[in-house]
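All remarks here apply to the structure that follows.
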Amino acid sequence: MAALRSFLVIICFVVVAATSMMPTSAQLSSGFYNKVCPQALPAIRKVVKRAISHEPRIGASLLRLHFHDCFVNGCDGSVLLDDTANFTGEKTAFPNLNSIRGFNVIDDIKKAVDKACYKSVVSCADILAVAARDSVSILGGPDYEVQLGRRDARTASVNDANRNLPPPVFSFSQLLSNFQAHGLNLKDLIVLSAAHTIGLARCTTFRARIYNDTNIDPKFAASAKYNCPTTGGDNNTRPLDSTTRRFDNVYFKALLQQKGLLHSDQELYKNNGTDSDKLVLKYSRNSESFAKDFANSMIKMGNIKPLTGNNGEVRLNCRKIN
Ligand code: HEM
Ligand SMILES: *[C@@H]1O[C@H](CO)[C@@H](O)[C@H](O)[C@H]1NC(C)=O
Ligand SMILES: *[C@@H]1O[C@H](CO)[C@@H](O)[C@H](O)[C@H]1NC(C)=O
Ligand SMILES: *[C@@H]1O[C@H](CO)[C@@H](O)[C@H](O)[C@H]1NC(C)=O
Ligand SMILES: *[C@@H]1O[C@H](CO)[C@@H](O)[C@H](O)[C@H]1NC(C)=O
């Protein structure tokens, strides 16, 4: 009995010691706001729901904002910062300029969540992660538990955005290297690219593909050219897949038919037996495994280099540092 008790005491000691030695500052958790503001997550979802019913595309735009946040020095809300005298922010970086959207919705969410919490406790970086999850879920995708506790950056860098965000002209190996540089693997690349199951792209991002790529369905290319001439019409948009308001696996089915809209999309499937091809084929046939793997990869992407503990801050206004 005494031996058992001292054994338990030792176990407790070891557990406590191990926990206190852990770099708790790098740890996110799903219950981060449970005590300080249990109303936070429902308040965010309410605004996302309203915004999507007003404009379905906004769900896609919110999902993309989280991706563009996480890929530039981690998920730290840097993408939301306006330019200041001290730095040029990420909004004018090539992949973002005239392209990323949804900032007004983020402002609306921040106001609503601060009101629901009676104080500013929820970071803009966490708002991006939750709004992305809610958008996916509302549009018919998986509803997963978001990890929380990110804090907001006090700076942003246009050069880092240009260096880190993958452009649509990238080849398969460039896309894979880019994802690997962010701690993500081939499977993450395939499932996360399927975020293009929702939303639109501008002519300027797919013109080279529809005029010059050879691994493209001719009828599909012809129909895309109609609204995307060789010169002019840069801002004309086209759905990234044929069910653009529905988070489903039609994106993968389109790749099998050489109907990927972006060059980078079709790079994932070339029908020559690669591991990438095999994953595309699998997800085109199995929407459940796509949903499950998408949720897991989103959580993984959301864990890229967060600021935690006393690092960074909780911004009062998502567009400016405090
Ligand atoms: C694999 C590399 C990727 C490339 C090269 C890429 C490129 C692009 C491009 C060029 C557009 C159209 C932008 C415009 O018209 O201005 C776009 C849209 C979009 N991207 Fe990606 N993307 C990639 C990965 C991702 C990932 C990982 C996500 C999210 C998890 C994502 C989510 C979206 C969404 C939702 C849209 C539509 C946005 C809207 O309609 O407002 N993309 N992407
Ligand atoms: C720029 O940085 C300096 C020094 O950190 C600070 O005092 C100043 O308020 C900053 N300016 C802006 C516009 O953020
Ligand atoms: C495209 O739209 C942006 C605003 O989003 C505008 O500044 C730009 O001039 C437009 N480009 C063309 C070619 O119409
Ligand atoms: C297609 O390729 C040709 C030859 O490289 C190039 O001159 C042309 O600008 C390209 N067209 C588009 C729309 O990118
Ligand atoms: C598949 O095709 C692409 C382009 O057509 C080529 O770059 C790649 O090496 C091929 N892979 C295999 C395994 O044949």
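Glycine is no exception: its Cβ is also placed from the backbone N, Cα and C atoms.
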Quiz item: Among Thr197, Thr204, Thr205, which is the one TrEMBL gives for the Ca(2+) 2 site where Asp241, Thr244, Asp248 also bind?
Solution: Thr197
Quiz item: Quick one: which residues besides Thr197, Asp241, Thr244, Asp248 have a Cβ within 8 Å of the Ca(2+) 2 site's Cβ centroid, in sequence order?
Solution: His196, Ile198, Pro239, Leu240, Ser242, Thr243, Arg245, Arg246, Phe247, Val250, Tyr251
Quiz item: Using the Cβ centroid of Asp69, Val72, Gly74, Asp76, Ser78, Glu90 as the reference point for the Ca(2+) 1 site, which residues of the same chain not in that list have Cβ within 8 Å?
Solution: His68, Cys70, Phe71, Asn73, Cys75, Gly77, Val79, Ala125, Ala153, Ala156, Asp160, Ala161
Quiz item: Along the domain 'Plant heme peroxidase family profile' (27-322), what average pLDDT does this model show?
Solution: 98
Self-check item: Length of the line joining the Cα atoms of Thr244 (Ca(2+) 2 binding site) and Ser78 (Ca(2+) 1 binding site), in Å
Solution: 28
Quiz item: Restricting the comparison to the recorded positions Arg64, Gly74, Cys318, which residue's C-alpha is spatially nearest the C-alpha of Asp241 (Ca(2+) 2 binding site)?
Solution: Arg64
Quiz item: Among the binding-site residues listed here, Asp69, Asp76, Glu90, Asp241, Asp248, whose Cβ has the fewest other Cβ atoms inside 10 Å?
Solution: Asp248
Quiz prompt | Inter-residue C-alpha distance, Asp69 (Ca(2+) 1 binding site) and Cys203 (disulfide bond) (nearest angstrom) | solution = 24
